[in-house]
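> Residues annotated as transmembrane segment in TrEMBL: 6-25. The domain 'Plant heme peroxidase family profile' feature in TrEMBL is assigned to 45-350. What TrEMBL records for C55-C138, C88-C93, C144-C346, C223-C255 is disulfide bond. Taken from TrEMBL, the feature site 'Transition state stabilizer' applies to R82. Summarising the annotation, TrEMBL assigns active site, proton acceptor to H86. Here TrEMBL flags D87, V90, G92, D94, S96, E110 as Ca(2+) 1 binding site. The substrate binding site annotation in TrEMBL covers P186. Annotated heme b binding site per TrEMBL: H216, in sequence order. Annotation comment: TrEMBL describes T217, D269, T272, D277 as Ca(2+) 2 binding site.
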Amino acid sequence: MSSPTFSSPATIFMFFCFFFINLPFSNSLLKYPLINATARRAPRQLSVNYYAKSCPQVESLVGSVTSNMFKEAPASGPATIRLFFHDCFVEGCDGSILISSKAGSKELAEKDAEDNKDIAKEAFEGINKAKAIVESKCPGVVSCADILAIATRNFVHLVGGPYYEVKKGRWDGKLSKASRVHQNLPQSNSTVDQLLKLFSSKGLTSEDLVVLSGAHTIGFAHCKQFVNRIYNYKGTKKPDPYMDPRLFKALKMSCPQFGGNVDIVAPFDVTTPFSFDNAYYGNLEAKLGLLASDQALSLDPRTKPLVQELAKDKHKFFQAFADAMEKMGGIGVKRGRKHGEFRKDCTMHHM
Ligand code: HEM
Ligand SMILES: [Ca+2]
Ligand SMILES: [Ca+2]
């Protein structure tokens, strides 16, 4: 339970409290109204009732695991949400990220690609645990991809975000190659142009980009993801002018330019890093974004208006986030044996 990504936030976080005093730990248990995200038809006709006959208890089985994980290792929340995002963007939402590399095989699986290395292992463990319990009650029925989608929704809600229905019916994918990962994921220094192109290649709009980036209302990033903003913005050897000097100072103390501890992380949302709210957007307006890619959303005329709107309206953010998660959850969905499979164990392809 004490991987570096889990234990180190505390260290740096104490420091942040000094600057940013407003720290609600409280609202994770608040109940928000059920948000209906089913107005649009998802691709390949995923459905909320997909397992109604074959495994009616699937949601409560996954729910028991996510609740426990959230108590024992709260970092599995943000890590699982990120896992789902990285699954959907590479080969679609098909559980391809869950496959383990084969010993002796010349090609690594997605999981071991550089861009996925910092996803906390608790996230993978949680999905494997949920799959084992689901298999024990409904053998050979529920895909790993659907379990990941359900677990992600549960964690969003557990950290205080919206509750939405998850549509199901994804098959698992037969392909998991590390070499396919990097080009399909956004980078911390991506420009808005690059982000828009990538999201559009997945069928997502500029609104989806802004809304889904709101997931950075929770979680942490390693120094290497923003160190250039502190010491050498665009080769100027100066800090990024679009960063509040207080944030700059705090980050500088935790992240030396060279030779720092590679496990140190900083919160994306300096005000409420453990609760799912719309503070992320207000932070962007106050030059308190952590990654260049976050901060850029409040500077580009194509994305700035929505940042401003969401900063003002938490209800709108929750509704939009639920809708956008459904949309992201429909990327590259597989059905049928040509591209799809059902696994017993999420880490191994079906024999
Ligand atoms: C828009 C472009 C995006 C970029 C450039 C980006 C980049 C990153 C980076 C660099 C990290 C930190 C990794 C680390 O150092 O450990 C991170 C963390 C995270 N990302 Fe994103 N991300 C983006 C969009 C998203 C989306 C769409 C979601 C989900 C809907 C998401 C969810 C998360 C979460 C929850 C974390 C925190 C993980 C943790 O604390 O364990 N991100 N992201
Ligand atoms: Ca995938
Ligand atoms: Ca927050």
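Any Cβ shown, glycine's included, is placed from N, Cα and C.
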> Work through the recorded positions one by one (C55, H86, H216, D269, D277) and name whichever has its CA nearest to the CA of C255 (disulfide bond).
D269
> Using a Cβ cut-off of under 6 Å to any atom of ligand 3, determine which of the recorded positions H216, D269, D277, C346 qualify.
D269, D277
> Among the recorded positions listed here (C144, C223, D269), which has the Cα closest to the Cα of H216 (heme b binding site)?
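When the Cα distances are compared, D269 comes out closest.
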> Applying the rule Cβ within 8 Å of the centroid of the Cβ atoms of D87, V90, G92, D94, S96, E110, what extra residues of the same chain belong around the Ca(2+) 1 site?
H86, C88, F89, E91, C93, G95, I97, G173, S176, G332
> Relative to ligand 1, which of the recorded positions C55, R82, E110, P186, C223, D269 have a Cβ found under 6 Å from one of its atoms?
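Checked recorded positions vs ligand 1; flagged R82, P186.
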> What residue among the binding-site residues D87, D94, E110, D269, D277 has the most other CB atoms lying within 10 A of its CB?
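It comes out as D87.
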> Taking the centroid of the Cβ atoms of T217, D269, T272, D277 as the Ca(2+) 2 site, which other residues of that chain lie with their Cβ within 8 Å of it, listed in sequence order?
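Here the non-site neighbours turn out to be I218, T271, P273, S275, F276, N278, A279, Y280.
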> Between the Cα atoms of C93 (disulfide bond) and R82 (site 'Transition state stabilizer'), find the distance and write it as a whole number of Å.
12
> What average pLDDT is reported by the model for the domain 'Plant heme peroxidase family profile' (45-350)?
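PLDDT averaged over the stretch: 97.
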> Please check the recorded positions H86, D87, S96, C138, T217 against ligand 2 and give me the ones with CB under 6 A, sequence order.
D87, S96
> Among the recorded positions V90, C346, point out the residue whose Cβ has the most other Cβ atoms within 10 Å, with all shown protein chains included in the count.
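That would be V90, with the most Cβ atoms nearby.
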> Do you see any of the recorded positions G92, C138, T272 whose C-alpha is within 10 Å of the residue listed as 'active site, proton acceptor', and which ones?
G92
> At the Cα level, what's the spacing in Å between D269 (Ca(2+) 2 binding site) and C223 (disulfide bond), rounded?
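It is 15 Å, counting Cα to Cα.
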> Taking Cα atoms as reference points, which of the recorded positions C55, R82, V90, S96, E110 is nearest to D277 (Ca(2+) 2 binding site)?
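Checked the recorded positions C55, R82, V90, S96, E110; minimum Cα distance to D277 (Ca(2+) 2 binding site) goes to R82.
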